[in-house]
Ligand SMILES: [Mg+2]
């Protein structure tokens, strides 16, 4: 399997949240639009392309964005509308392949290697998807086509907005050698800084370093750097069905025995899991809490819900119930974990029907939060998803809509 040439498409909706607003309110088309909530204190979740020449970008405080672009129209976040649009777009993707890895609400990798005989080349498939999305949802998206995920994503970035770009095998070198090292997958500020001290700021310069040297300097990720600089990336496209669960666990240097500290850790884990779920555009119906006692014995408690969860506060509510079925707090813990399984695409299912129990869970949550707050003070406890869980803009840390 490994050596068979793959065809990967990266698809990314253009200025997604802002584009949905401009689609639904034609008077906003051609005007700078910022999606970012109702208060001046919020941040920009998405900026339309008309706003970007002013230097406005997502994650910037609204007040700052308005100083740069005073004529911008600021709109509140309508997450339900964006979810609806996202579902329609992902449904279109699914006509062409089952192998879809959602990266966020507006972005996905498709492995179309097995679809080429049926639908034509990668480029033909990307064209058909772009046309269908435009026709059926009135939104535009950009497509990158390449033999692997890393290059496909770079290609779609280069194609934005409303474009399509394919990187053919013989073009890989020419394309990569012009890029800064920061463009490489996984190269953040720290790695970039370390490379800079070695006199490396561009991929072309990175190419001159030997694999052994990179491994010595960066550990295992040095090998990754070596490969990426050559356009090599073997990561498979991981479709929903291949991801069975999303979880997070922590092992503690000192055993936990204070119930309030345990609650606080559980809250942090719940939020991290929620964030990861949403980053993959998923929700989960089965919540599992895992504890390992000081004597290394392990206990798990699970519950399957009628509706999927993706909100840190709600997950915390269920996790708290499950934890109460263990001896946590009475026996010291060395490990705590939260995971969600029975995954489905975010926003599907019958959540409306279960609105009442959800509210009950949230009020139990309020109590738990209040207890924590008393103990640790606001700053410690009041974190994004918990607070936001009660209102429409429930996904503050889902991140902003990059492009
Ligand atoms: Mg996008």
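Numbering starts at 1 and runs along the chain as it is shown here.
Here the Cβ of each residue, glycine as well, is placed from N, Cα and C on the backbone.
What TrEMBL says about a protein is an automatic prediction, not a curated fact.
Taken verbatim from TrEMBL:
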type	residues	note
DOMAIN	8-188	domain 'UmuC'
BINDING	12, 106	Mg(2+) binding site
SITE	17	site 'Substrate discrimination'
ACT_SITE	107	active site
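Checking the recorded positions 12, 17, 106 for a CB within less than 6 Å of any atom of ligand 1 leaves 12, 106, listed in sequence order. Counting Cβ atoms from all protein chains shown, residue 17 (site 'Substrate discrimination') has 29 others lying within 10 Å of its own Cβ. The residue listed as 'active site' and residue 12 (Mg(2+) binding site) have their C-alpha atoms 4 Å apart, to the nearest angstrom. DSSP assigns residue 12 (Mg(2+) binding site) to a strand. For the recorded site, the residue listed as 'active site', the DSSP three-state label reads strand. Take the recorded positions 106, 107: by the count of other Cβ atoms within 10 Å of each Cβ, the lowest one is 107.
Residue density at residue 12 (Mg(2+) binding site): 23 other Cβ atoms are found within 10 A of its Cβ, drawing on all protein chains shown. Taking the C-alpha positions, the distance from residue 106 (Mg(2+) binding site) to residue 17 (site 'Substrate discrimination') comes to 9 Å.
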